[in-house]
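Listed in TrEMBL for this protein:
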DOMAIN    63-211  domain 'RecA family profile 1'
BINDING   G92, D93, P94, G95, I96, G97, K98, S99  ATP binding site
MOTIF     248-252  motif 'RadA KNRFG motif'
REGION    348-450  region 'Lon-protease-like'
Amino acid sequence: MRVKSKFRCQECGQQSTRWLGRCPGCGAWNSLVEELDQPKTVSPAAINGLLEPCPVTEVPAQEEERFPTRMAEMDRVLGGGLVPGSLILVGGDPGIGKSTLMLQVAHLLSCRMPVLYISGEESARQVRLRAERLGALSPGLLLACETDIDQVERHLRQISPPVAVVDSIQTMFKSDLASAPGSVGQVRECAAQLMRLAKTTGISIFLVGHVTKEGMLAGPRVLEHMVDTVLYLEGDRHQFFRILRGVKNRFGSTNEIGIFEMSGAGLVEVASPSAIFLTKRPKGDVPGTAVAAALEGSRPLLVEIQALVCPTGYGTPRRMTAGVDYNRVALITAVLEKRMGFNLGNQDIYVNAVGGVRLDEPAADLAVACALASSFKDIPVDPGLACAGETGLTGELRPVTGVEKRIRESFKMGFSRFLMSSRSAALSGDDYGLLRADTLAGALEMALLA
Ligand SMILES: Nc1ncnc2c1ncn2[C@@H]1O[C@H](COP(=O)(O)OP(=O)(O)OP(=O)(O)O)[C@@H](O)[C@H]1O
Ligand SMILES: [Mg+2]
């Protein structure tokens, strides 16, 4: 039998007919990946009918028409809706709700057009049970349980639905390749085949992908380069919130997030996230909590930051963070020690962003500093105060972007004071309730109840 596949080193391009642990060419370990002997490629020219170079001004311009999924949070992250012929990768930890999200999106779309849902992980019965629970039973939603990519292609060509979901890319396999489903070679080849199909037929395909422990999409990072859009569904499995984050988008911005709440009836869109993240705030004056006015994409989000500073029992002090960047907390701790004379060297420090949300913008610094100082001194932060500001190494308070949006959201959510850098842009309208400080020391003086 003719060998249809070969193994190629990803580092140096060396070929081999069988798998080797170490590349004989460059000596790299575990770098050989199985490939088809004659890989098929699809050139963008073939799709657009453009073969000779021509001035960009003369390229026929069709506005990428999009169709909305009618799930507002999904459309927001996609940048307004689905682009025909696009390949969208939806990644996330096991059990986070990827299949749930996809089934809900497929259902919404299937009310207007046929949608093919290909499940490689669950039986048709299981999918039907889930669809029943989610209220997603509609005749326009076609179901196929298949893992052979050639069969999948056959179904897609036969039915030619405008949208399809492949759950998950790791279960798909190409029978010409000897490697197991989920291996780098298989995942890459299957994704490439679906890519060719999407580009030539105009079917938009959602690919579900699993994320490994290290936070990488299982299999190759190349998958992220191949597809048009990469979305991650993230969140704490023990919490109800799920955040859909755009990591890459060839047709829109990537700073938007979609916020959902997991319930028995599936993922429910959250229109006013601040309200939910703040609901369980401790009542009364409790030290160690402050509210950060964060900005996720174009949307402000108020999040409570809690800190606990307590003397170290033995050995080296512990430092733990959840939802905020560990390194930034270390930096803020150092600034508090050096610039403000706090003696934190013999204290354990725990910092947590409440609600399972992850804040990675420096604008949360001020709230972290307030919470830390408040816990250390055992003095509560003004409960009517929200804040946003970045701390510098010299103890200065730096302005942040989008301050007006943050302020408006804070006042809308019932806060009466807003603390920020005095170098923040001047605001239109009145200044009532705005507190400004040059330095972290000055800011903490205003934030902590005397
Ligand atoms: N009856 C239910 N009520 C509430 N939540 C449920 C119920 N059944 C399942 N869930 C939630 O749905 C999650 C599973 O969702 P789903 O199967 O969509 O995840 P997934 O990301 O596709 O997982 P996998 O990695 O196994 O494919 C569970 O972790 C749970 O939180
Ligand atoms: Mg699943």
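Every residue gets a Cβ built from N, Cα and C, even glycine.
A strand conformation is recorded for G92 (ATP binding site) in the three-state DSSP classification. Confidence over the domain 'RecA family profile 1' (63-211), given as mean pLDDT on the 0 to 100 scale, stands at 92. Ligand 2 lies within reach of K98, S99 from the binding-site residues G92, P94, G95, I96, K98, S99, judged by a C-beta closer than 6 angstroms to any of its atoms. In sequence order, K98, H210, V211, Y232, L233, E234 constitute the residues six or more apart from G92 (ATP binding site) in its chain with CB-CB distances below 8 Å. Other residues of the chain with a Cβ within 8 Å of the Cβ centroid of G92, D93, P94, G95, I96, G97, K98, S99, the ATP site, are H210, L233.
Using a 10 Å radius centred on the Cβ of D93 (ATP binding site) and all shown protein chains, the other Cβ atoms total 18.
When Cβ neighbours within 10 Å are tallied across all protein chains shown, the highest count among the binding-site residues P94, G95, G97 belongs to G97. In sequence order, L233, E234, G235, R237, R242 make up the list of same-chain residues 6 or more apart from I96 (ATP binding site) whose Cβ falls under 8 Å from its Cβ.
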